[in-house]
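Participant: One structure coming up, written as structure tokens, with questions to follow.
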Amino acid sequence: MKTIEIDCDSGFCFGVMSAIQRAEKELITNDELYCLGDIVHNSQEVVRLQKKGLKIINHEELGRIYNKKVLFRAHGEPPSTYEVANQNSIHIIDATCPVVLQLQKKIQKIYQSFANTKSQIVLFGRSKHAEVSALVGQTNGNAIVIESKNDIQQIDFAKNIYLFSQTTMFVDDFKEIVKEIENKIIHPIIFSSFNTICHQMVNRINHIRKFAVQHNLLLFVAGDNSSNGTILFNECRRANLNTYLISDEKDIQSEWFNGIKSVGICGATSTPKWLMEKIALSLIPFH
């Protein structure tokens, strides 16, 4: 192996970086800070922050604490969570990503404009993802969530359709869903689609395709529960079949590097830079 390169564009997106910085800032002056859910979908980064004093809680536990500081992560929260926090005199440190927050407001505004009209909000995203749960909450739980074009039978085509996307989905999949719905729409039903996929995500997909073909072997670093990690890894794999998904250096197998001259290391928007650097150092014995 001659070269090891870490993708300069991989690592935390703006929203995740901001949430982590806010947590670290609070932990400098406070011994105790709660976070509602994992602050990022990467277990190594969560453990690092837990060692500094961050305490991860779930929604049930939020209902049982009072007068505490709680960080709401970049994925956002539904209105019901804010109600519980306010009732319990929780000091909220709101680290909702600005892109997600703007999307929440847009969905809520359109939903509230429905009044008695026959209309529906449809969300393209992972049904169990925290961001999607928060978005559905903007519609009092009435939004329809579809994970692929195969799910569009859940849509009521007798009602107007307003389609949005989770910010970390694959734009080509969103476009396919738009086409499928357009083919089924019958006048006078209204169909409006809003491509709400984050531009950072789109740019990373384009960049990672180029990065992948520059190396003999790719190590893609991501947590098992990273939604954008799955998408970005699949794009890497399409561009370079010699791509391996790892969560840390323990997943690496020495036989991967036989005859390999160039290794690229990249990751999800939830993958810390320090972890990719640690993995790069672990490859030195294979030189």
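Placement of Cβ uses the backbone N, Cα and C atoms for every residue, glycine included.
Residues or ranges marked as [4Fe-4S] cluster binding site by Swiss-Prot on the basis of sequence analysis: CYS13, CYS97, CYS198. As annotated by Swiss-Prot, dimethylallyl diphosphate binding site applies to HIS41, HIS75, HIS129, SER226, SER227, ASN228, SER270. The feature (2E)-4-hydroxy-3-methylbut-2-enyl diphosphate binding site is assigned by Swiss-Prot to HIS41, HIS75, HIS129, THR167, SER226, SER227, ASN228, SER270. The isopentenyl diphosphate binding site annotation in Swiss-Prot covers HIS41, HIS75, HIS129, SER226, SER227, ASN228, SER270. Annotation source Swiss-Prot lists active site, proton donor at GLU131, citing sequence analysis.
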Participant: Around CYS13 ([4Fe-4S] cluster binding site), how many other C-beta atoms are within 10 angstroms of its C-beta?
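Facilitator: Its Cβ shell of radius 10 Å holds 21 other Cβ atoms.
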Participant: Check each residue in the chain of SER270 (dimethylallyl diphosphate binding site) that is at least six apart in sequence and keep those whose C-beta is under 8 Å from its C-beta; list them in sequence order.
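Facilitator: In sequence order, PHE12, VAL16, VAL40, HIS41, ASN42, GLU45, ALA222, GLY223, SER226, ASN228, GLY229 meet the Cβ cut-off.
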Participant: Of the binding-site residues CYS13, HIS75, THR167, CYS198, SER227, which sits closest to GLU131 (active site, proton donor) by Cα distance?
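Facilitator: For GLU131 (active site, proton donor), the closest Cα among CYS13, HIS75, THR167, CYS198, SER227 is found at HIS75.
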Participant: How many Å separate the Cα atoms of SER227 (dimethylallyl diphosphate binding site) and THR167 ((2E)-4-hydroxy-3-methylbut-2-enyl diphosphate binding site)?
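Facilitator: Per the Cα atoms, SER227 (dimethylallyl diphosphate binding site) and THR167 ((2E)-4-hydroxy-3-methylbut-2-enyl diphosphate binding site) stand 10 Å apart.
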Participant: Which residues does HIS129 (dimethylallyl diphosphate binding site) neighbour through Cβ under 8 Å, counting only same-chain ones at least six apart?
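Facilitator: Correct list: HIS75, GLN166, SER227.
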Participant: With a radius of 8 angstroms around the mean position of the C-beta atoms of CYS13, CYS97, CYS198, what other residues of the same chain does the [4Fe-4S] cluster site pick up?
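Facilitator: Near the [4Fe-4S] cluster site, beyond CYS13, CYS97, CYS198, sit PHE14, GLY15, VAL16, ALA74, VAL99, VAL100, THR167, THR168, GLN200, MET201, THR269.
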Participant: Sequence gap of 6 or more, C-beta under 8 Å: which same-chain residues meet both conditions with respect to CYS97 ([4Fe-4S] cluster binding site)?
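Facilitator: Those within reach of CYS97 ([4Fe-4S] cluster binding site), by Cβ under 8 Å and sequence separation of 6 or more, are CYS13, PHE14, GLY15, VAL16, SER18, ALA19, ALA74, HIS75, GLY76, THR167.
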Participant: Tell me which of the binding-site residues HIS41, HIS75 sits in the most Cβ-dense spot, judged by other Cβ atoms within 10 Å.
Facilitator: HIS75
